[in-house]
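Taken from TrEMBL as is:
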TRANSMEM  B:15-33  transmembrane segment
TRANSMEM  B:45-71  transmembrane segment
TRANSMEM  B:91-112  transmembrane segment
TRANSMEM  B:119-137  transmembrane segment
TRANSMEM  B:175-195  transmembrane segment
TRANSMEM  B:216-242  transmembrane segment
TRANSMEM  B:262-288  transmembrane segment
TRANSMEM  B:308-332  transmembrane segment
Amino acid sequence: MDFANFLIQLLNSVQYGLLLFMLAAGLTLIFGIMGVVNLAHGSFYMLGAYLAWWLSSSTGSLVLAIVLGAVLAAVFGLVLERLLFRHFYHRDHLDQVLLTFGLIYVFEELRSILWGDDVHGVTIPDALSASIPLTDTLSYPVYRLFMSGVCIVLAIGLYVLISRTRLGMRIRAGASNHAMTEALGINVKRIHAVVFAIGVALAAVAGMIAAPIASVYPNMGSQVLIMCFVVVVIGGIGSVRGALVAALLVGAVDTFGKVLLPQVSGMLVYMLMAAVLLWRPEGLFKQ
Amino acid sequence: MSAAKSHLEVLPRSVQAVLLVALVALAAVPFVASDFYAQMVARMMILAIFAMSLDLLQGVTGLVSLGHAAFFGIGGYVLSLVSSDAGAVSLWWTLPAAVAVSALFAFVIGFFVVRTHGIYFIMVTMAFAQMLFYLVFDNKELALAGLKLRLGGSDGIYINFKPDASFFDLENKTVFYYFTLACLLAVYAFLRRLLWSPFGRTLAGIRVNEHRMRALGYGTFGYKLAAFTLAGALAGLAGYLWGAQTGFVNPELMGFHMSAHAIMMVILGGMGNFAGAIAGAFAFEWLLHVFKDLPQVGGFDAGKHWQLWIGIFIVLIVAFAPRGLLGVVARIGRSKEDAGG
């Protein structure tokens, strides 16, 4: 592999890793703060992808679709939290697993009823459809850089929100001692709703920006959910920083594995997970 | 994490009576039901074995595996790998082989997963099962140590002949039905016996409080690994029967939905006593059948969207009846006994 090729694979692995981070961050945040295991998290990714297709074909602008879609997804998250998830915070994990598994079916079918079962493509906007030449023969698509950019901006935003703002302080306080935070006059229930909505919106944005390169198809959520689980297990559940490190690691192993060891590439990330588990059964960054 | 929830380890009289009636009914099925329904009941019995194998982990030991279908699938795939297009293979070595290979996989995977707890266990079992799922899904053929393994990829693979049992003819549907029923009874009897053995009591102790068991001097890792391996072996048995009955295996057998359905069966029936798993498997399969058969309502094909109904059903069960069917039967039985003095 020459240098330009290596650079392309590296950029791809970072881009895939950052996309996984967007999903895993929401999953691990919802678990870390509310204690809810959400198998339906992949459905929010699917929702995002379908919203991107539906909104961009009706508004004609992908960027507008992403902004609108993020808002819609967050509202959807708020409604879902209020109607359903709120009542399952204190139930055991088994109940949560089953509840959210049932929801996967419900969301899949609602998607099928609303938007059909066809595979859809989303076109990359003209402004982002160019490629940057690396050598005479190799070039890198601008859209993938755009994807990484969106992920980085949102990751920084998430970091600032949680560790530098008043809301973030309350989120952390609510996660470590619910009753005490409540006693200080902070509405923890409302904070939970906000965190849930953020998690849903992150997953949906990941789905929306991935739509043009991954296309939009039924069951796209479950495949991504499993990679999220791998990321969360490697990183340590509840740790957003762990999710970032693990997502980049998984992105690199998966991308380079496909190039260097194509015969076993599908299993490499799972081998990575197994190795980490042997070394640290609680993940790399267990708090 | 506490998976414990109203365990009915000692089955009340009312439940025992229902089980006896159910056994008589099962024995009578090939005589009274149409071919279609007899086949459906045979399939339900196979899934009941699968559900019981999961109950050993989930209900007895308190380990919720979201990847148990991996071993079910392995059992089926072993049958497809040893089968040939030329003729039937002998049941007497292929069945033990399928069980042994499933047990071996369960032992290796178990070595990694049983050191994790609670939600980690759920996620990690699912990830390992997906690894096997994609191994089969992505490979039509796999060269391994000089052997060419025909996996069939995402299309799955047909098994043209049922295994040959020499003393009886499994190609005969009624014979196959009773063979399946015999397997169901054998597995149930074995697991009930196991439940009250020192090994079973230790597993139950781990469910209630693993720290205490370790403090008492039990090597809980070894016990959990043994339970995981045994559960994998029995799931492999069920998978083998499934492959033989349907004459077809595909990656979906190992999939995440199959694993989740098994969890649902165990929950629906009631955990930790194996009878609940059987009841749950029958109830869940029957429901799937009903939902898939729903009629067209106006422009809306209700049967085509069966997943919507099963999803709503699962959500409602979790929300309102987390104790399962046997819990309901036992409650009714108890209130009747109370009323009768």
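Glycine is treated like the rest: Cβ placed from N, Cα and C.
Just so you know, TrEMBL annotations are computer predictions that nobody has curated.
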Ranking B:15-33, B:45-71, B:175-195 by Cβ pairs under 8 Å to the transmembrane segment (B:262-288), which is first?
B:45-71
Check for me, if you would, whether the transmembrane segment (B:119-137) reaches the transmembrane segment (B:45-71) - at least 3 Cβ pairs under 8 Å, residues 6 or more apart in sequence.
yes
Do we see three or more Cβ pairs under 8 Å linking the transmembrane segment (B:91-112) and the transmembrane segment (B:175-195), pairs being at least 6 apart in sequence?
no
Outside the transmembrane segment (B:45-71), at least 6 residues beyond either end, the same-chain residues with a Cβ under 8 Å of its Cβ set are 1-4, 7, 26, 102, 105-106, 109, 113-114, 121-130, 132-133, 180-181, 183-184, 187-188, 191, 194-195, 200, 203-204, 206-208, 223-224, 227-228, 230-239, 241-242, 245, 253-256, 258-260, 262-263, 265-266, 269, 271-274, 276-278, 280-282, 284-285
